[in-house]
Amino acid sequence: MMQRPHKAYPVELAQFHSADYVEFLHRITPDTQHLFSNELAKYNLGEDCPVFDNLFEFCQIYAGGTLDAARRLNNQVCDIAINWAGGLHHAKKCEASGFCYINDLVLGILELLKCHPRVLYIDIDVHHGDGVEEAFYFTDRVMTVSFHKYGDMFFPGTGDAKEIGEREGKFYAINVPLKDGIDDSSFNRLFKTIISKVVETYQPGAIVLQCGADSLAGDRLGCFNLSIDGHAECVRFVKRFNLPLLVTGGGGYTKENVARCWTVETGVLLDTELPEEIPENVYIKYFGPEFSLKIPNGHIENLNSKSYLSTIKMQVLENLRCIQHAPSVQMQEVPPDFYIPDFDEDLQNPDERIDQHTQDKHIQRDDEYYEGDNDNDHQMDLP
Amino acid sequence: MENGSSLDRLEAKTFTESHGNGDCLIEDLVDSPDHDSAKQKSLFSQQFSVYLEENCSRDNMRPVPVILGDGQLLDLYQLFSLVKEKGGYDAVSRNGLWYSVITELGLDLHVLASVKLIYDKYLRDFEGWLSKTKRVAVNQTSDGSLLGTENLIINKLPNFHMNVEPLPNFLAVRKNAEPNSGSSSQKVTMHPVMYEDSVDHQGTMELRRSKRRHISSNCRCTSCNSNSCSANGNKLHCSVNMAAKPDATEKKKSAAKSKSAKKKTSEPSSNEFPVKHVSIGPRFQAEVPQWTGEISESDSKWLGTQVWSVKDDSELATKIDLVGRGRRGKCSCDIQGSVDYVRFLIAENRMKLKLELGSAFYQLGFDKMGEEVSLQWTADEEKIFKDAMSSNTPSQKKSFWDNPSKYLIEKTRKDVVSYYFNAYIIKLRSYQNRVTPENVDSDNDEIEFGSFGDKLF
């Protein structure tokens, strides 16, 4: 189903952003910007984040998309909501950054928090999801997990594995810093291991997945070597948890690959496999000479050694263990036999997909993906 | 600020000593004779850039050079020395001397507030840093005396020298960058360090190339997204980046080999740069309410308006049909024939889409896509556009995109951008697909391309 979102009102944008910033975005135009050099500097506009005609409307549309998506999920109109125009994860409360002006993800998450005690944010853009992490750095109600390139002065410069959150949010920010050239198998293995553990430990009520396509091979700015299948595998994996899922776009600077990627991922989310060859359409020329949904391998060296990835993984899992033992954070509300749901179960539509609590009662965990030797859990305590 | 001036004297002396000009006794940064003012200015630049490096953090990243609201460039060195002469920021503010600072800088009064603010942001902290650094440097002398002999100080200030010595190269890099990018490279922006290759300097060529590769292959411009670039007339960024692109592609391809080698050499330089941290405070974090166990109302009226949905037909269309078959026009035996055939298929698919979507076809803007857009253009207009794109000077191109309606009177910017993506680049890609299939790039519109016959593509 395709929906036209409403244009987000300034007051909705100000649920996260500062009022003065929103107001400035609303009023500034390319013709008047020369009069406001101080403000432009203050809000980090003008360089990476230029002022252009209809900038504010642009923000209203993509933010409105994510907000409406979150609301649809909250009202259980659908299980998955997609806004490919969203995912501008660098925007900060009081300034723009990395061509992101309004952080639609934060707004969407805040909306989801009205109905879910815990929301999980996953970011597979090649850049660190700094805006979202920063917004929720102090809270345990949102866990942010970002896989990104880190080092060599790569934008934005944050996202070290040591960034784990603070105060109540300590251990609720996870960063997976990677080096150039990571390929499908390394990335998927790491992703699945970490995300399964995260979902198992954190038990979110909803998931927000930012699918930045600049982590693909051949991106103008990115430096990873993922294929479209590798990238889409992450989406497929997250979908399997059967939690309310909000999917957004994000970065991606080789536009044909971005189009390919999000087309394939739309297919994945709809459980539809698409033929490899792109059918004739008005833009078919952009996809020559192969006209395929596949993209060529990047032929770059994978600088992520097995030991490096293993170290990162250990660090992340170690930090996750701290949550299991933290007494103040209630992961299991009560033992299963006496549990009191945090929502009115009577209102649950019995025809809807099984909710997490019921799932927990099943003996066979739905999210047990690794069998035999690949099972990482046999060393750890199962909740 | 007596100590200050003595320190200045010593420091200036050290600087000139290290540059083999020991005869000249320099009293003060400000009172120096003209032939040394260039030296003072370069000394200031060096110190300021060291300061920026050391103090660079998310909170106080400032773009340099500084441009005032009315577009004038503000010379930080001039400002700094004037204020210093008058006793520093505090003294100037207390005694109401900003007026004379502004006048001596030759600026209009209405920028007074801006200049004051700029000094506060850029230079006030620098003042303190400068005296602290000098104190540290001087403390390294064996007797701690401020007025030790010149030789003693020179010999005892190896660290300070090291700060100063390697700077010229780095500074040369950024000086070259400044006219174009206007942003400090420590800002860790994604803004391309826009080098006009024609403005090369022999000596810094090597270093600059490597820095650019270092930076450009890693911290490149998000704003260099063709769509938005064109849409807001920032084509220049893309164009300049594209001029460098052949370099960059090759670099990227050989990046694997060179990067691992480079890693070892680049490690030290990456350690020089400060690590960014997450900002904390009320102006950074979101306000997240406590979970009370009750669900707040999530506005159900703003759920979006439906544009289209799959029809719940009783005769269930097979999934294959819904998805559409893959590409059919593979035959390329006869170029002209296959061109026509592809056109036919595109039109056929478009018709199918229209039938399926109904009114949504128009709502979603499909009617404005494709080469039909060029049907609204006259041959003259298309020629004007093509000439603008093929122009060899980036500034001509920039001037075109800044105000395309000036050149194409009947067309709005929206029309021109639409033509660019729907007609112009399509033709470009057609050409590339057939003639240079190993090197296809829809973001490089600088190559000359022909067309086949007088058909559209």
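Every residue gets a Cβ built from N, Cα and C, even glycine.
No curator has checked TrEMBL annotations; they are predicted automatically.
Binding of substrate is attributed by TrEMBL to A:Asp48, A:Tyr253, and within the candidate set A:Gly98, A:Gly108, A:Gly129, A:Gly181 the record adds A:Gly98 to that site. Among the candidates A:Asp53, A:Asp184, A:Asp214, A:Asp219, the residue that TrEMBL annotates alongside A:Asp125, A:His127 as binding divalent metal cation is A:Asp214. In sequence order, A:His89, A:His90, A:Gly98, A:His148, A:Lys149, A:Phe154, A:Phe155, A:Pro156, A:Gly212, A:Asp214, A:Gly251 constitute the residues six or more apart from A:His127 (divalent metal cation binding site) in its chain with CB-CB distances below 8 Å. Neighbour counts of Cβ atoms within 10 Å were taken for the binding-site residues A:Asp48, A:Asp125, A:Asp214; the minimum is at A:Asp48. Counting every protein chain shown, the number of other Cβ atoms lying within 10 Å of the Cβ of A:Tyr253 (substrate binding site) is 24. The two recorded residues, A:Asp48 (substrate binding site) and A:Asp125 (divalent metal cation binding site), have Cα atoms 18 Å apart.
Recorded residues A:Asp125 (divalent metal cation binding site) and A:Tyr253 (substrate binding site) have their alpha carbons 11 Å apart, per Cα-Cα distance.
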